[in-house]
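Features of the protein shown, as given by Swiss-Prot:
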- 3-410: domain 'Ketosynthase family 3 (KS3)' (DOMAIN)
- Cys164: active site, for beta-ketoacyl synthase activity (ACT_SITE)
- His303: active site, for beta-ketoacyl synthase activity (ACT_SITE)
- His340: active site, for beta-ketoacyl synthase activity (ACT_SITE)
Amino acid sequence: MTKKRVVVTGLGALSPLGNDVDTSWNNAINGVSGIGPITRVDAEEYPAKVAAELKDFNVEDYMDKKEARKMDRFTQYAVVAAKMAVEDADLNITDEIAPRVGVWVGSGIGGLETLESQFEIFLTKGPRRVSPFFVPMMIPDMATGQISIALGAKGVNSCTVTACATGTNSIGDAFKVIQRGDADVMVTGGTEAPLTRMSFAGFSANKALSTNPDPKTASRPFDKNRDGFVMGEGAGIIVLEELEHALARGAKIYGEIVGYGSTGDAYHITAPAQDGEGGARAMQEAIKDAGIAPEEIDYINAHGTSTYYNDKYETMAIKTVFGEHAHKLAVSSTKSMTGHLLGAAGGIEAIFSILAIKEGVIPPTINIQTPDEECDLDYVPDEARRQELNYVLSNSLGFGGHNATLIFKKYQS
């Protein structure tokens, strides 16, 4: 069976770099950091002092207050970004096409803020005072459910939860839905709102977060002095569309998605497999799925979390897959500016990968001040680079040994 071609026709984002795609992208290519002092929780209680928060976001600017109160923050972000993406795609979801329009949006954690607040009510006021909206606000699939309701999309409706690989897995899974003919359009990506007391406590306890108090330099992927990731929030949603469907309605096309790889480490609950073996296989699977040679990849948007082992092993994985070509590749981590959006990271980074192809600009890795001999690739330090790109690869790796890779291509008719 001939695989259907799948293109990207819409983008929507809420990120620490901006409350829309254009602002987020322009800040990324200008090396602007979206990281600042923690305001959502009392920083005095935690070793980590900085976070990548949304700025000046008021959900009532985007939806009715009554509806917003029925959603956890992660769902609010997803619905807002999805509406942006569909509007950008100029897609009118009529009753006729609704059964062929699906939603596949994931969250690595779900409604942790709701869980914390309702558990406090449970403890202090008793079980009868817990909100009837507690469960439907908390569960991770509710972002997809609320997007489906908001858009009137009645096709495939699913949710992936693979920790920090969630956004990338979601897009890859949605890509395959269209490729095999089960939908014409998929609204897909990732969302996360993890800036809560328990989340900071948990990630601090396992030593994952940077304790650098300087917001400008705390997230420093591939730098010798990196000491952990900076937690962030937001949503990145894209519209995937079967090519003929997009052409028939005259849609603008940002680029094409051509490859997806997904593997498991079977190694450790939080640490990546030694030498990046699982990540290497995910990249190899995606390259095979795309039907291209490794040497055709021009740029890698790395997972690049600013943790010691991730950056070391991802570098090793890239060398395993690409051999000599690894040193000719441009590799950058936009997490140096956005922080780590966990389940939303893959969605935002897919958008940056797509725009890198469309605009011919590679966003930089900022804060590489002290080179690490174990991280010796071209990480596009400090300044964006103009370069024609035909194929871009994006990696996401998650707790539990989840590895996911997407490959995007410059669209050619």
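Just so it is clear, glycine is given a Cβ too, placed from its N, Cα and C backbone atoms.
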For Cys164 (active site, for beta-ketoacyl synthase activity), what is the tally of other C-beta atoms lying within 10 angstroms of its C-beta?
27
Roughly where does the domain 'Ketosynthase family 3 (KS3)' (3-410) sit in mean pLDDT, to the nearest integer?
98
How long is the line from the C-alpha of Cys164 (active site, for beta-ketoacyl synthase activity) to the C-alpha of His303 (active site, for beta-ketoacyl synthase activity), rounded to the nearest angstrom?
9
By a 10 A CB contact count over all chains shown, which of the active-site residues listed here is most packed: His303, His340?
His303
Inter-residue C-alpha distance, His303 (active site, for beta-ketoacyl synthase activity) and His340 (active site, for beta-ketoacyl synthase activity) (nearest angstrom):
9
Using DSSP reduced to three states, classify His303 (active site, for beta-ketoacyl synthase activity) as helix, strand or coil.
coil
On the three-state reduction of DSSP, what should I expect for His340 (active site, for beta-ketoacyl synthase activity)?
strand
